[in-house]
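Q: From TrEMBL, here are the annotated features:
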- 21-407: domain 'Major facilitator superfamily (MFS) profile' (DOMAIN)
- 20-39: transmembrane segment (TRANSMEM)
- 60-85: transmembrane segment (TRANSMEM)
- 97-130: transmembrane segment (TRANSMEM)
- 151-170: transmembrane segment (TRANSMEM)
- 176-197: transmembrane segment (TRANSMEM)
- 229-252: transmembrane segment (TRANSMEM)
- 264-282: transmembrane segment (TRANSMEM)
- 294-313: transmembrane segment (TRANSMEM)
- 319-341: transmembrane segment (TRANSMEM)
- 353-370: transmembrane segment (TRANSMEM)
- 376-394: transmembrane segment (TRANSMEM)
Amino acid sequence: MGGAVVDEGPTGIKAPDGGWGWAVLFGCFVITGFSYAFPKAVSVFFKELMREFGIGYSDTAWISSILLAMLYGTGPLCSVCVNRFGCRPVMLAGGLLASLGMVAASFCGSIIQLYLTTGVITGLGLALNFQPSLIMLNRYFNKRRPMANGLAAAGSPVFLCALSPLGQLLQDHYGWRGGFLILGGLLLNCCVCAALMRPLEASRPGSGPGPQRPARRLLDLSVFRDRGFVIYAAAASIMVLGLFVPPVFVVSYAKDLGVPDTQAAFLLTVLGFIDIFARPAAGFITGLKKVRPYSVYLFSFSMFFNGFTDLTGSTASDYGGLVVFCIFFGISYGMVGALQFEVLMAIVGTQKFSSAIGLVLLLEAIAVLIGPPSGGAEVVASSLVLVLGNFFCIKKRPEAAVEEGERHKPPADVRVDSREVEHFLKAEPEKNGEVVHTPETSV
């Protein structure tokens with residue numbers, strides 16, 4: 001669990017670690033940006049929706065909640081679709097769905113219709129883009145995968161900084177209906193990113209057949225037999241209870257301290273700006289040769305750092321203290337964002353990642369639904385679950401494998417008489433490679 005898995009790809013193809021992979025990385029950057037930033041960017045239209053439909057804030061907030069629920073809760077469905085049809089077709093269909101949902105939302109006449117269009121249809125479309133893009137990134141990068149994950153994860157804060165002001169600008173000039181229509185057009189760029197996800201193909205020397213693709217389950221539940229995956233899934237499910245709380249409440253907390261609205265909103269800008277640089281930096285550090293074998297411990301440290309920052313940030317009593325809190329929280333938040341899927345890739349490998357990520361996202365969605373949101377205590381607890389589980393349950397496995405290999409290794413000083421070998425082969429041919437006709441082999 002602590003080290004990176006060296007993958008040859010689902011069909012025995014070695015990851016190119018560059019070339020067309022950079023185009024795949026760009027596509028993943030855009031998809032990650034849309035997936036994480038879009039639910040927050042839509043919130044700028046809430047006041048206009050409240051005025052038009054005569055509803056409260058809690059009613060409009062369900063739009064973002066349904067979007068996030070579809071993004072996380074449909075993980076297994078996305079895994080099944082990817083394993084059945086492949087990444088590119090699923091992403092093309094997802095891009096069309098995401099765009100269709102927003103275009104249809106611009107003609108809605110009630111908040112229930114917005115739940116269905118913006119929440120369900122657009123949310124499902126983004127989910128069908130997000131998960132396959134990470135799977136393709138995992139197939140194209142191996143040695144440079146931590147850096148690639150860090151750069152792709154940076155799409156979230158970059159798009160958040162861009163989409164929120166853009167949404168406000170569209171609302172001011174075209175109203176919420178025109179803004180939704182234009183955002184629906186922007187989401188068609190997901191189809192462009194899907195076109196970049198070219199499947200890896202094995203070279204076929206001569207006229208011989210290429211390597212056979214191994215049989216795949218639509219949803220591989222065997223990942224639950226991997227102790228490393230179980231520990232990771234448990235830690236991630238605990239982490240989400242407190243990870244997203246501070247960015248939601250830091251502005252309101254600042255206003256309660258008497259900070260003006262403009263300065264309070266600037267806190268999120270500080271957090272996002274730091275986050276943009278923290279994610280690629282965390283990916284680069286994790287990719288170092290001496291650091292990568294301990295990526296799971298670095299991920300655990302980033303969660304502990306994030307939870308500790310949250311706990312200490314609650315003691316801030318003035319604006320300067322909140323700015324310092326946002327700086328350190330942005331660093332830790334960026335580290336978590338850059339490492340969460342890199343560590344999962346390292347645990348399960350390419351073959352099972354498409355199923356593993358869907359199951360993890362579903363478990364996180366369930367945890368958010370049934371568990372009470374809190375703060376840093378849950379994030380600190382998740383870091384302890386990950387590091388202690390890895391240390392006590394996983395660490396000794398490689399050593400045991402080495403000892404097992406040494407035990408079965410023949411002694412170097414043992415000499416075998418050739419006459420004894422010849423007599424053995426003649427006496428028991430069925431145990432030494434010759435074909436033996438049995439009812440099973442004769443059918």
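Quick reminder: no glycine exception, Cβ is built from N, Cα and C everywhere.
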Q: Which residues of the chain, 6 or more past the ends of the transmembrane segment (176-197), have a CB below 8 A from one of its CBs?
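A: Same-chain contacts beyond the flanks: 23-24, 26-28, 30-31, 34, 38, 41, 45, 48-49, 52, 87-88, 91-92, 94-96, 98-103, 105-107, 118, 122, 125-126, 129, 132-133, 136, 167, 170.
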Q: When each of 20-39, 97-130, 229-252, 319-341 is checked against the transmembrane segment (294-313) for Cβ pairs under 8 Å, which one has the most?
A: 319-341
Q: Rank 20-39, 60-85, 97-130, 319-341, 376-394 by Cβ pairs under 8 Å to the transmembrane segment (229-252) and hand me the top one.
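A: Highest pair count goes to 376-394.
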Q: Any residues 6+ beyond the ends of the transmembrane segment (319-341) with a Cβ under 8 Å from its own?
A: 134, 146, 149-150, 153-154, 156-157, 236, 239, 243, 246-247, 250, 253-254, 257, 259, 263, 267-268, 270-283, 286, 295, 298-299, 302-303, 305-306, 309-310, 312-313, 357
Q: If you average pLDDT over the domain 'Major facilitator superfamily (MFS) profile' (21-407), what do you get?
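A: For the domain 'Major facilitator superfamily (MFS) profile' (21-407), the model's average pLDDT rounds to 87.
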Q: Can you tell me which parts of the same chain pack against the transmembrane segment (376-394), counting only residues 6+ beyond its ends and a CB-CB cutoff under 8 A?
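A: Distal contacts: 1-2, 227-228, 231-232, 234-236, 238-239, 241-243, 296-297, 299-301, 303-304, 306-311.
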Q: Go through the chain and flag residues at least 6 beyond the ends of the transmembrane segment (97-130) whose CB is under 8 A from any CB in it; none is fine as an answer.
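A: For the transmembrane segment (97-130), the list is 31-32, 34-35, 38, 42, 49, 53, 55, 59-60, 62-63, 65-72, 74-75, 77-78, 81, 90-91, 177-178, 180-181, 183-185, 187-188, 190-191, 193-194.
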